[in-house]
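Visitor: One structure, as structure tokens, below. Some questions next.
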Amino acid sequence: MSLSIKQSEDRKNGGENERLLQANNRKLTTYFGYPNNTIKTSKYNALNFLPTNLFEQFQRLANAYFLILVFLQLIPQISSLASYTTVIPLTVVLSITAMKDAIDDMKRHQSDSQVNNRPVLLLVNGRMEEDKWMNVQVGDIIKLKNNQPVTADILLLSSSEPYSLAYIETAELDGETNLKVKQAISVTSDLEDNLELLSAFDGEVKCDPPNNKLDKFTGILTYKGQKYLLDHDKLLLRGCIIRNTDWCYGLVIYTGPDTKLMKNSGKSIFKRTQMDRLVNVLVLWIFLLLGIMCFIIAVGHGIWQSKIGYYFQIFLPWENYVSSSVISATLIYWSYFIVLNTMVPISIYISVEIIRLGNSFYINGSEVWKMFYAPKNTPAQARTTTLNEELGQVKYVFSDKTGTLTRNIMVFNKCSIYGKLYGGSYDTGGSKVPDSKKEKVDFSYNKLANPNFSFYYSTLVEAVKNGDNWVHLFFLSLSLCHTVMSEEKVEGELVYQAQSPDEGALVTAARNFGFVFHSRTSETITVVEMGVTRVYQLLAILDFNSVRKRMSVIVRTPEDRLMLFCKGADTIICELLHSSCTDLNNVTMEHLDCTHVFQDFATKGLCTLMVAYRELDTTFFQTWSHKHSSACLSLEDRENKLSVIYEKIEKDLMLLGATAIEDKLQDAVPETIITLNKAKIKIRVLTGDKQDRQVCPRPTEVPSRKEHAKSAHGPATIHWTPPPAPLYSHLVPHYKDAEDIGPPDHGTESHCSRPRGHHPYRCSQPLSHLFQFRRETAVNIAYSCSILDDEMDGVFVVQGKNYETVYQEVRTARAKMKPESLLESDPTNIHLSTKPKMPFTVPDKEPNGNYGLVINGYSLKAQVVELVKRYKKVVTLAIGDGANDVSMIKGINFWGFIATAHIGVGISGLEGMQAMLNSDFSFSQFHYLQRLLLVHGRWSYNRMCKFLSYFFYKNFAFTLVHFWYAFYNGFSAQKVYDSWFITCYNLIYASLPVLGLSLFDQIALKTTYWTLMSHLFIWGSLGFYFCMLFLLYSDGLCLMFPNIFQFLGVARNSLNQPQLWLSIILSTVLCIIPAIGYIFLKPLFYPVSVDKVFDRIHHCMKYPLPPPIQTRLKHSSLRRSAYAFSHQQGFGDLITSGKTMKIVPKKKNSSSLKN
């Protein structure tokens, strides 16, 4: 065994160039220092909590200031106040903050403990033993069963399925619920579940060091002197769920913090709000003002002492340590530094924390506040208490599509068969009749129908029952042209294992309409047609890929006819049709396009496929089959050769019709987006993070920072991102050359880098083919979500692949949206031409109309967010549901800077919990975002603004009295208030009204009167003040502690004086009059947006507007195709190879996805 000692040294020095391990060898793992499988998200433990927490708290300037004051008050020469006036408030503030931090960290400890103590079957000394997740180490062999989560990143060794296949669900990683297939290498698949062989397995693995690339893994397995290549298809990642696989064994490669899931999670990033920055700036200004005030008083004291005090020593003798007026002025400076300490708000931080905590309770109490999702009993959660007011300042929302806007549930909605449209009901006024008001079609005639399938258009069922040949042939094609796997565990109960949800929806639809896909082998497909079982010989599968955008099957029918069935994008199938189908094609395209205002497939966000067939001549097929076999065996340029062969047979097709599948939106998504747009919040949809759509553009083919800054216009933008690749050149410090893309002088590769000479992401086909089908899907979703609409003046698509093309497309769009922005006199152009390398904020420019912008970007989602943050300087919010959204929700490090949104929102649903676990706020439905931003965000922001205004006002009003009094007492540091009043003022007396306003003020309506809470806190604080006053000045306390409580009877005597009450009344009136005058006069002379909105509401209530007349604008070039097919290339070859077929039927105890 030759394992490098340098690997251990690199690991100990904090770096790791490659990972070396050996199966069943824990000594080697210990030697290399690999971590165990324990995860830790907590910050403190019992030993370091107190020092660490205090260190963090004293990093706050105000806390450090008051700590210094405590030491200054111990110096008798300058101490004008008792030390408890500072010690008590400081102790209370530190204690409350420490308790809050301790509670938060205890929750993190509990979460970590729950995960680390999960059970796992571990191979130890030839037998399987149950152990805890945290005890798993690199090199261990573990056993996973069906429906169990994967413990760590493991190399698949063997499984219960034929050819050691394993089915996994990656919802925790990418938000997708469709099954993925993994396969072990042949040399380890022979180990099966033989514990003796598994225990003797001593293979050595050399692979990549730990990284966060979910789609990348390369390594070499050395076993019995032979070397075997390892890739991503052999690796099961932590966070995946084992599905439809009884058992599997795996070799642990990465554990705990080294797993790809945890690498994507990264370290917790403290998100500081704009309000925090403002408070810190204000505190600094207050410090400066305090120093100036103390300096003025010290100068005044020096002048007074030299001109009056020096000659007045017979009555007020100087202390022994005062030799001159300069020395006295210096001491007085520090004395007033203590007396005026209330100008620095020590309680502001704890008050802000209380307000944020209270506002978080409003969000967490979502059952009352309409953010509780009853079907799953899931409330909204404010997972952080520091960002509430930031919600009210959001300008950009970046949203994932799958699982966030949509439910990731595909439903067969309607179809067009041989020129006739089936599905969709509309009343005479053109309004769609909801499904709840229609009668569900009865499929009881079909014993194999899926009871969960719903369809509401009986005409199609009648056509099937009446034996319509075209309808029968249409559904027969759907039951044959696919890669779905079927299993019948109980007689009559079929379970479909679909690689993609849309393909599963089509096969399920065919099943319910009487054409049931029953089973398949590598050579046959069995279909139950209207109760009659028929077996078709499978001759070839012409597999799908992103360039062809279609798939076909060639079968031999029981009548010995050769048939080719094809389904794919309308833009592709139309070009392959026979000339006799022209009229039929036009009718079908009318159904797909926008000809009929109420039956437009694309407008409704439906994903469409065209279906066609061709009957083949036997001689032609035999000739083609020989060429196909030769191409399959080719070692060079195999994919291109197959594509050419496929095109020779996929022509002269006869059109059958088109399908429309609804990628069901979540509830109220369009209405939510419309409302957010009205609130001037810009929506950006970032979608398309797919493994098969990863492309590395050459460095010279990406737009520069300058051009991107100039192109960020348009009220509605949808951006789909095929990662991982650098976004624009300014985000990457330097490119070495076109063959080795990555940041310079770094030991690790970039997200798109590969060893020199290897280009697995390079594609010989035009990039437009790779992205066109994703663009079409994204645009359809944009229309269905009301991000784009028919009344827009235009929708522009930026899909260039190089600098020149993108530059021209952007300028063309800008010329139409806002022509004057291209002039040299434009401020942005002036800045870019004079100071191209200096960062700046791109100003918002309103376009001359309503436009949509679709951008074909090469970027990670977090990089897109970072661009907007850097150049727009606005608050951003990212919302998603999968681990691939964590980068923009929580943050990820891109070569030295953190790319993340200001606020991260996670959707907790079927698509995984990783985004939710790493988010700042979480809920189950996208439409709750409207209430989170426009209600809770607005409340929190306005409450915090009012709090800061009143807080600083009361502190200045209290402190400036001492400054004013200094001019009447010879600047001698005498106090106006007694020490206990100074101690309790900020902490007790003046805190309740401000806190009450900040916790209960609501601005949904104009409130012209005090609420119950207003009365409670205002009168309650006054009553509490008088109670404390009588307590502190009571006879009992003065007699027990005469040195501390020295004002015996002062309260009684003062309150008996009418002058005191007159002063209180006059002071109150004089303070209220300016505020009342401001409230009444400001809307008249300086109205803000809110005032204009209320005036508009009152006007509309008095004079209602007529209903708008909808006009329809066609963007046929953009809207024609609604094609979507989330299929993966290569699955057809896997089926025809027979590797998915069980050799010996085995009884499974797994639960599958039922259709």
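If you go along the chain as it appears here, the first residue is 1 and each next one adds 1.
Backbone N, Cα and C define each Cβ position, glycine as well.
Sequence annotations record features per position, and here TrEMBL assigns region 'Disordered' to 1-20, 692-719. Annotation comment: TrEMBL describes 7-19 as compositional bias 'Basic and acidic residues'. Positions annotated as domain 'P-type ATPase N-terminal' by TrEMBL: 22-87. The feature transmembrane segment is assigned by TrEMBL to 81-99, 278-304, 324-350, 947-967, 979-1000, 1012-1033, 1060-1081. Taken from TrEMBL, the feature active site, 4-aspartylphosphate intermediate applies to ASP400. Among the features that TrEMBL reports, Mg(2+) binding site is placed at ASP400, THR402, ASP881, ASP885. Residues or ranges marked as ATP binding site by TrEMBL: ASP400, LYS401, THR402, GLU503, PHE544, LYS567, THR687, GLY688, ASP689, LYS861, ASN884, ASP885. Residues or ranges marked as domain 'P-type ATPase C-terminal' by TrEMBL: 918-1002.
Describe each of these features in terms of where it is and what it packs against.
Guide: Shown for the domain 'P-type ATPase N-terminal' (22-87): DSSP residue counts in helix, strand and coil, namely 32 helix, 1 strand, 33 coil.
With a cut-off of 8 Å between Cβ atoms, the residues of this chain six or more beyond the transmembrane segment (81-99) that come close are 50, 53-54, 57, 63, 66-67, 69-70, 73-74, 338-339, 341, 346-347, 349-350, 353, 975, 979, 982-983, 986-987.
Long-range contacts of the transmembrane segment (278-304) within its own chain (CB-CB distance under 8 A, at least 6 residues past either end) are made by residues 61-62, 65, 325-326, 328-330, 332-334, 336-337, 340, 343-345, 348-349, 352, 948, 952, 963, 966-967, 970-972.
Residues 60, 62-63, 65-66, 69, 72-73, 75, 77-81, 86, 89-90, 92-93, 96-97, 279, 283, 286-287, 289-290, 293-295, 297-299, 301-303, 305-306, 309-310, 318, 951-952, 955-956, 958-959, 962-963, 966, 971-973, 975, 982, 985-987, 991 of the same chain sit 6 or more residues outside the transmembrane segment (324-350) yet have a Cβ under 8 Å from a Cβ within it.
For ASP400 (active site, 4-aspartylphosphate intermediate), the number of other Cβ atoms no farther than 10 Å from its own Cβ, over all displayed protein chains, is 28.
According to DSSP, the domain 'P-type ATPase C-terminal' (918-1002) comprises 60 helix, 3 strand, 22 coil.
A Cβ distance under 8 Å defines the sequence-distant neighbours of the transmembrane segment (947-967), meaning residues of its chain 6+ beyond its ends; these are 275, 278-279, 282, 293, 297, 300, 336, 339-340, 342-343, 345, 348, 351-352, 355, 973-977, 985-986, 990, 993-995, 997-998.
Listed as Cβ neighbours of the transmembrane segment (1060-1081) (distance under 8 Å, sequence separation of 6 or more from its ends, same chain) are residues 1054.
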Visitor: How many neighbouring Cβ atoms, not counting its own, are there within 10 Å of the Cβ of THR402 (Mg(2+) binding site)?
Guide: 26
Visitor: Considering every residue in the domain 'P-type ATPase C-terminal' (918-1002), what is the mean pLDDT value?
Guide: 85
Visitor: C-alpha of ASN884 (ATP binding site) to C-alpha of ASP400 (active site, 4-aspartylphosphate intermediate): distance in Å?
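Guide: With the alpha carbons as reference points, the distance is 10 Å.
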Visitor: Have a look at the binding-site residues (THR687, ASN884) and report the one with the fewest Cβ neighbours inside 10 Å.
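Guide: It is THR687 that, of the binding-site residues THR687, ASN884, has the fewest other Cβ atoms within 10 Å.
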Visitor: I'd like to confirm something. Which of the recorded positions, ASP400, THR402, ASP881, ASP885, has a Cα closest to the Cα of PHE544 (ATP binding site)?
Guide: THR402
Visitor: Going by Cα-Cα distance, pick out whichever of the recorded positions ASP400, THR402, ASP881, ASP885 is nearest to THR687 (ATP binding site).
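Guide: Closest by Cα: ASP400.
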Visitor: Report, as a single number, how many Cβ atoms besides its own are within 10 Å of the Cβ of ASP885 (Mg(2+) binding site).
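Guide: Taking every protein chain into account, the count is 34.
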Visitor: What's the number of neighbouring CB atoms sitting within 10 A of the CB on PHE544 (ATP binding site)?
Guide: 24
